[in-house]
Amino acid sequence: MAELAHQQSKRKRELDAEEAEASSTEGEEAGVGNGTSAPVRLPFSGFRVKKVLRESARDKIIFLHGKVNEASGDGDGEDAVVILEKTPFQVDQVAQLLKGSPELQLQFSNDVYSTYHLFPPRQLSDVKTTVVYPATEKHLQKYLRQDLHLVRETGSDYRNVTLPHLESQSLSIQWVYNILDKKAEADRIVFENPDPSDGFVLIPDLKWNQQQLDDLYLIAICHRRGIKSLRDLTAEHLPLLRNILREGQEAILRRYQVAADRLRVYLHYLPSYYHLHVHFTALGFEAPGAGVERAHLLAEVIDNLEQDPEHYQRRTLTFALRADDPLLALLQEAQRS
């Protein structure tokens, strides 16, 4: 169970420094971690806060670095990251709450306006908790707030700088293969096209609790291995991309009654992990990583490849990198020379 919780934390997609990542946000047991399992305990004992890595009053989220499993309290324990996030409201439960007599404390009153602190019952007071344990220095840096810098990556930059840098990193995506091979999260799969070349699985993103549709968020993960990102796509991949767009939209309509014109379907560049995947989010949801500097609408990707099969090998792409990302310095140096 501890291993499962650790692996799922690694893939929290878009809690990655935006994105898993994300993710974001890998498992060895199918059917665990989907909100239906029995109550469990955290996979460690104790949690001594060492540092607040990041917090956002707007997003109601905080990232904490702590020491756990300490024997003496002298720093001999292990590192862990705990992410606490207030969950979205569920309209039906809130309506029931307001019909009753909720516990209130008056904070302010003036004419027709008044402000209270309301203390909700247990079913409305849950806090989504993501655990990264044991946490490495890379995890700590990933969640630490950093300044961002825009870079423009040419096709040559990708081939000569970005790709060699990625290939030099130990970026495990075993958790992706576990999903595709049904070794983990098999009961969470909403739809599958099993074709090994042009098929995919559609699965709810871990950032979505599946309790309401306002923040609907699913991920399509292609079965075909070796496609790292947008940069690898050519006309050869058009059947796969068309399948993901059409069949993904149809599956979401069947399961959640959300029509295609109410969905935002896009790829990230840079992605939070390097196995081709596509994001499906509710159009009105301000999903992490949906900004113009990172999101590429799938329909437009298809159009671009239809007109120029090597569009993404040639095109200059703009994206943001954290100040501490080694790739930023590599690209800046290459562009100066």
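A Cβ is built for glycine as well, from the same backbone N, Cα and C atoms used for every other residue.
Keep in mind it's a predicted model, so treat the numbers as computed, not measured.
Range annotated as motif 'nuclear localization signal (NLS)' by Swiss-Prot, chosen from 6-9, 10-13, 34-37, 306-309: 10-13. Within the set 90-102, 129-141, 142-154, 246-258, the record from Swiss-Prot flags 142-154 under the feature motif 'nuclear export sequence (NES)'. Each of the recorded positions Lys138, Lys142, His268, His277 was scored by the number of other CB atoms within 10 A of its CB, and the lowest score belongs to Lys138. Note: the CA-CA distance between Leu270 (substrate binding site) and Lys138 (N6-acetyllysine) rounds to 18 Å. Here Leu276 (substrate binding site) comes close to Ile221, Cys222, Arg224, Ile227, Lys228, Ser229, Asp232, Leu233, Leu267: these same-chain residues lie at least six apart in sequence, with C-beta atoms under 8 angstroms from its C-beta. Helix, strand and coil residue tallies for the motif 'Histidine triad motif' (275-279), in that order: 0 helix, 3 strand, 2 coil [DSSP].
On a Cα basis, Lys142 (N6-acetyllysine) lies 17 Å away from His268 (substrate binding site).
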